[in-house]
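Presented below is the structure to which this report refers.
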């Protein structure tokens, strides 16, 4: 491997820009010269051995650079990051340059052996692993301290010298993807392999899960429509639907795990070794020695972090949960007022007023969820987690706990305290439909408006008489750098998680829940695809083997749905009639069935 780096020729005449680096307009010349030199320097000198070209634009003072790499450099980088490729014997193996001829589709002149997303991922990995050697500070910025082994890119980002790094769009490939993805109305599956090749496995897995979840909801919707029509007011007949709901929530997730494993094996990420995780950019502490790596890096006391979590974050979360319950009780007061008003007036207007408290409560829930999300992000950053995975796990835990209580506490209260199935149906329908309308306004209409505005601006700029190859590239980069940054799949999975909860927990009393979920998800596929292609900057590809901690979140929701549906079945008049002589026997039987179902689920794991 060392010999491969030593004879590597980086002076490739056919420069292909893959990644854009934007430095601050105030960045000093010596800083830029030092940084670009480190990018092009050989590996033996601590460089990344990549290609850099400044972007010439009409705007003065902009420091934008295009980064690429030779074909040989990308192949060696593929070995470094551990990409898994298909061999000629149809097996999946980690790519090595020495055995490159054994991999399917490889040829010395085939520059499409690695997808553009993989090439950009390799460049990102090499840039992030540019590390300080003997430098004590960033040249030109004495306050920006460095130490041996510190990631230069991360230090430049935290210092504000580096504005952003993003992968460049391939306009031709993007056009083809848009046409096959959402450019025409069709009945069929999404082009997941093309999405994966362009955006990477993380984005492709989200859309795969969204598509699978939508198809999995169809049986619930098909059964729910006649159930709604013929047994709408007869809540005594919800037992069979609850039993089906109970089985569906378990089978759906088990089948997804198999589909996910099949896809990621074909894509090569199931067998891909996990890279050593670097400290997240926001992590800070006193300079010390990492006991595992032996490198000098910031060290932060785990005791201080635990104190912040248990003495500040946990009380804050508990206070927010209490406030959510307080708002819920106000909602029930409004429900009681609306019911009294209807009984006194008994008019069409008073009938409509019965839905007003639920609508107001649904809107308040959405507002509280979004405000809490910002607070949770601030707290989790303040806790100063060393790794990005730890940061994400703590953030997801905070957000899920609050969102679950905020969205479902009222439904549990109505079902198991008030025992009012009519109100439960009304509240579930209102919460589900209102939340979907609000999300569609934010995720469909707004992106559509942004796309129209983006297209008008692009056409106006491209009408300039000075159109040549370099200027068109400059226009493309300037347009893309002004676009929004995609913040990941967190909010998308959270929306599906809450939707799964509405359907799996109490849809037996409102069978149309799955129907509305299917309709919402169909539009969600198109709106999310439009956002990825035209609203946000292209995100870097991130190899992944599954949907991560969200799989656990959905499984926990499935367990809760088992308990909920078992209790609802036990509360039904049909089951009560079987145990009319002994309430204790009734309770014990329901508990036994519930535990047996949970035991079967645990054995599957």
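Glycine residues also receive a Cβ, built from the backbone N, Cα and C atoms like all the rest.
According to TrEMBL, the feature domain 'Anoctamin transmembrane' maps to 195-596.
Taken from TrEMBL, the feature transmembrane segment applies to 203-232 (among others).
Listed by sequence, the residues of this chain that lie at least six past the ends of the transmembrane segment (238-256) yet keep a Cβ under 8 A from its Cβ atoms are 209, 212-213, 216, 219-220, 223-224, 227, 231, 421, 500, 503-504, 507-509, 511, 551, 554-555, 557-558, 561-562, 565-566, 568-569, 572, 574-575, 597, 601, 604. Annotation comment: TrEMBL describes 238-256 (among others) as transmembrane segment.
TrEMBL lists 309-332 (among others) with the feature transmembrane segment. Sequence-distant contacts of the transmembrane segment (309-332) (same chain, at least 6 residues past either end, Cβ-Cβ under 8 Å): 357-358, 360-361, 364, 368, 372, 375, 379-380, 382-383, 394, 398, 401-402, 405-406, 409-410, 413.
With a cut-off of 8 Å between Cβ atoms, the residues of this chain six or more beyond the transmembrane segment (352-372) that come close are 320, 324, 327-328, 331, 334-335, 337-339, 341-342, 399, 402-403, 406-407, 410, 426-427, 430-431, 434-435, 438. Annotation source TrEMBL lists transmembrane segment at 352-372 (among others).
Tertiary proximity for the transmembrane segment (395-416) is limited to same-chain residues at least six positions away from its ends with a CB under 8 Å from its CB atoms, namely 313, 317, 320-321, 324-325, 328, 331-332, 361, 365, 368-369, 372-373, 376-377, 379-380, 423-424, 427-428, 431, 435, 490, 494, 497-498, 501-502, 505-506, 549-550, 553, 564, 567-568. The transmembrane segment annotation in TrEMBL covers 395-416 (among others).
According to TrEMBL, the feature transmembrane segment maps to 428-450 (among others).
Residues annotated as transmembrane segment in TrEMBL: 500-522 (among others). For the transmembrane segment (500-522), the residues of the chain that approach it from at least six positions outside its boundaries are 210, 213-214, 217-218, 220-221, 223-225, 227-228, 235, 238-239, 241-242, 245, 248-249, 404, 407-408, 411, 415, 421, 424-425, 428-429, 431-433, 436, 439-440, 554, 557-558, 560-561, 564-565, 568, judged by C-beta separation under 8 angstroms.
Residues annotated as transmembrane segment in TrEMBL: 547-570 (among others).
Sequence-distant contacts of the transmembrane segment (203-232), counting only residues of its own chain at least 6 positions beyond either end whose CB sits under 8 Å from a CB of the stretch, comprise 189-190, 192-193, 195-196, 238, 241, 244-245, 248, 252, 255-256, 259-260, 263-264, 267, 489, 492-493, 496, 500, 503, 507, 511-515, 517-518, 521-522, 524-525, 528-529, 532, 539, 541, 544, 546-547.
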